[in-house]
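The next block holds one structure in the form of structure tokens; read it before the comments.
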Amino acid sequence: MADKEDPKKGKRSKGTSKEVCGYPLSIFFIVVNEFCERFSYYGMRAVLVLYFKYFLRWDDDLATSIYHTFVALCYLTPILGAIVADSWLGKFKTIIYLSIVYAIGQVAMAVSAIHDITDTDRDGTPDNMTFHVVLSMVGLLLIALGTGGIKPCVAAFGGDQFGDHQEKQRRTFFSVFYLCINGGSLLSTIITPILRAQNCGIYSKQKCYSLAFGVPAALMMVALVVFILGSGMYYKAKPQGNIMLDVCKCIGFAIKNRYRHRGNQYPKRKHWMDWAEEKYEKLLIAQIKMVLKVLFLYIPLPMFWTLFDQKGSRWTLQATTMNGDFGLLVIQPDQMQTVNPILILTLVPVMDSLIYPLIKKCGLNFTPLKRMTVGMILAALAFVCAAVVQLQIDKTLPVFPSASQVQLKLLNMGNKTVTVQLQDNEPAILAPAQVSDEYFVFDTDQITVLATAGSTTVHRGISFTKGKRQKLLLPLDLNKEWVQIDDLNSKPEEGNNAIRFVNGKNAEVNVSSAVANFGIIQPFHYSNYSLIKNGKVTFNLQSGSESCEYSRDFGFGSSFTFLIPNNLTFGQNCQEEITSAEDIKPNSVHMALQIPQYFFITAGEVMFSVTGLEFSYSQAPSNMKAVLQAGWLFTVAIGNFIVLIVAELAKLPKQWAEYVLFASLLVAVCIIFSIMAYFYTYIDPAEIEAQFKKVDDDDEDDKSKQQKAEIEMVKRDSVSSSEDDEKSK
Ligand SMILES: N[C@@H](Cc1ccc(O)cc1)C(=O)NCC(=O)O
């Protein structure tokens with residue numbers, strides 16, 4: 001396919017693409033491609049950790065580190081894609097080839113999640129886990145190569161479709177491009193978790209990860225087909241040889257040459273890159289200067305991503321300690337993240353059509369670098385909001401025992417009132433089937449207990465484990481064994497509720513529900529904890545031929561111990577008879593309080609990221625557009641590494657303090673960035689390149705004129721000498 005280049009200097013045609021409202025039609029295919037690709041990427045990512053945990057059966061730590069390694073890899077591979085595109089294959093072919101790699105990776109993931117492939121004993125679990133692990137790791141590597149590789153090319157390829165006179169349209173294109181990213185990711189993060197929750201399988205039905213990965217794989221194929229369909233309309237800039245190698249060699253030569261001529265006797269040059277002039281073209285040197293100027297400006301940028309990418313980790317963890325009941329809708333902690341793309345979809349049009357024009361009308365020159373600075377400040381503000389919310393949450397969180405403390409609750413399983421004196425505390429009076437309201441706190445692990453029920457008094461010294469919350473179950477007959485059980489020492493994860501039953505009856509009781517099965521509980525024993533989601537749950541209690549029901553509404557993040565009393569009558573329902581001990585209170589701070597922090601971080605993202613994407617394109621020389629896009633994405637990868645380093649080094653005991661630390665770091669970096677931005681002069685790479693080309697052309701013209709003159713002279717000389725010869729003859 002031939003590249004279409006306008007012979008008129010500086011202006012470029014848009015291939016054979018028709019224009020619609022001043023926009024090349026070809027960009028329609030590019031934005032649809034981006035929509036499908038981001039659907040594919042975010043849809044797969046949304047269920048990845050759960051796939052590691054529940055399908056591959058990895059523990060939390062392994063699942064989390066492989067997940068973050070994968071994400072980091074996705075932002076490191078853009079460099080590879082950009083080099084291949086700018087110096088070898090061109091953006092068009094690079095996008096096609098890497099999209100194929102990407103789609104193969106997605107298919108590999110979908111196949112790796114089919115449990116039936118290795119489920120030889122048909123019990124619903126894979127029998128050859130190595131097969132599934134290897135295939136999914138190969139799949140993820142291919143996806144990281146594909147998604148990262150095409151990422152800088154697609155944005156730059158879209159920018160290429162606009163002529164130099166269409167700067168305004170190109171800016172709008174980058175906004176629409178960002179909208180498509182978020183439209184695709186919003187839809188997929190809603191849809192793939194629903195697909196995952198379905199049951200599917202040939203021999204046995206299991207959670208349908210293969211469908212949750214299969215749909216993103218299909219969308220990636222659609223993305224590829226759509227991109228190919230636009231093929232005849234694209235403007236395809238030619239790759240210009242191994243430009244990266246030339247750049248490295250040129251920089252290396254400039255440094256060496258500068259070092260060789262370091263004495264005072266050598267006149268200074270305007271820029272250190274000018275020391276390459278002896279060997280390299282002025283055009284290449286000018287292009288390298290443009291790139292270095294922008295890359296230098298990128299140095300502080302990773303700090304923005306450090307804060308931004310904590311939405312998915314710290315903020316989701318924060319949401320697990322909050323109440324997600326929105327009345328008609330109950331939001332799970334990880335679903336709060338969808339607030340980001342939803343806000344993007346509203347904020348980008350508002351900014352583009354209202355805020356920016358309004359600022360312009362006020363006579364303010366809101367340059368791209370100023371927008372990015374404001375974006376950083378907004379992100380810092382978001383973290384201040386997160387810190388304030390955290391302080392509210394901390395007030396409601398239970399105080400768990402320190403390493404040297406013991407916390408103890410008493411539970412009376414008998415049918416008489418018991419008076420219990422723990423160490424020197426005031427005596428606690430427990431009616432039958434009653435649990436003490438609060439935990440008693442001790443700084444020792446040896447506690448003396450004096451218990452009296454009726455005429456029986458028992459005095460015991462009991463050892464407890466320091467650093468733990470425990471319950472002491474007082475039996476029907478105080479002279480019998482006193483059971484000690486461990487309570488939870490932390491909030492249940494992901495906003496779940498941890499529930500267990502203690503059987504105070506003389507007979508076995510079977511406790512079951514639609515969401516959890518507690519099994520048969522022996523007399524005066526207890527069940528394990530079961531994690532259940534928020535909402536109403538009805539428990540069925542059965543002992544012999546008798547049964548009854550007990551219903552309870554659960555919020556988020558609570559822990560309860562339910563006591564089946566000794567004298568339970570098993571009427572129609574046991575609603576009034578079951579005793580409950582609220583060991584950990586449900587989350588009371590509402591998730592809606594996270595909306596301001598999401599608003600600020602997303603407004604910051606629109607100002608910083610959408611602008612930065614366009615800035616990286618507009619300030620890059622024509623042959624290094626994709627390379628600068630990759631440089632931009634590289635700042636995201638560095639930002640992610642900083643999260644790990646700062647969190648590890650700072651190790652602040654309070655989460656709110658960590659949020660404030662990150663906000664302060666970003667403000668400090670923002671000040672440095674604004675100083676750097678102040679000294680940055682915007683350039684028009686096409687204009688600069690055209691000037692150099694003109695100088696070269698003029699040189700060429702001069703050279704060819706000179707050559708022609710010389711040839712003429714030689715001709716004339718030879719003619720005159722032959723005339724002389726003739727004459728002399
Ligand atoms: N706003 C993000 C996309 C996003 C979507 C859903 C989430 O849960 C988190 C983030 C964005 O636009 N990122 C840029 C990109 O190229 O992906």
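Every residue gets a Cβ built from N, Cα and C, even glycine.
Per TrEMBL, these features apply:
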- 694-718: compositional bias 'Basic and acidic residues' (COMPBIAS)
- 694-729: region 'Disordered' (REGION)
- 20-42: transmembrane segment (TRANSMEM)
- 62-83: transmembrane segment (TRANSMEM)
- 95-117: transmembrane segment (TRANSMEM)
- 129-150: transmembrane segment (TRANSMEM)
- 171-191: transmembrane segment (TRANSMEM)
- 211-235: transmembrane segment (TRANSMEM)
- 290-308: transmembrane segment (TRANSMEM)
- 342-359: transmembrane segment (TRANSMEM)
- 371-393: transmembrane segment (TRANSMEM)
- 595-615: transmembrane segment (TRANSMEM)
- 627-647: transmembrane segment (TRANSMEM)
- 659-683: transmembrane segment (TRANSMEM)
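Away from its own ends, the transmembrane segment (627-647) comes close to residues 68, 71-72, 75-76, 78-79, 81-83, 86, 148, 151-153, 155-156, 243-244, 291, 294-295, 298, 301-306, 308-310, 313, 612-613, 616-617, 619-620, 658, 661-662, 665 of its chain (Cβ-Cβ under 8 Å, at least six residues beyond either end). Between the transmembrane segment (371-393) and the transmembrane segment (62-83) there are fewer than 3 Cβ pairs closer than 8 Å, counting only pairs 6 or more residues apart in sequence, which means the two stretches are not in contact. Contact between the transmembrane segment (211-235) and the transmembrane segment (20-42) is supported by 3 or more Cβ pairs under 8 Å, counting only residues 6 or more apart in sequence. Contact between the transmembrane segment (171-191) and the transmembrane segment (20-42) is supported: at least 3 Cβ pairs lie under 8 Å, counting only residues 6 or more apart in sequence. Sequence-distant neighbours of the transmembrane segment (20-42) (same chain, 6+ residues past either end, Cβ-Cβ under 8 Å): 14, 74, 99, 102, 106, 143, 147, 150, 154, 157-158, 161-162, 166, 169, 172-173, 176-177, 180-185, 187-189, 216-217, 219-220, 222-224, 226-227, 229-230, 233-235.
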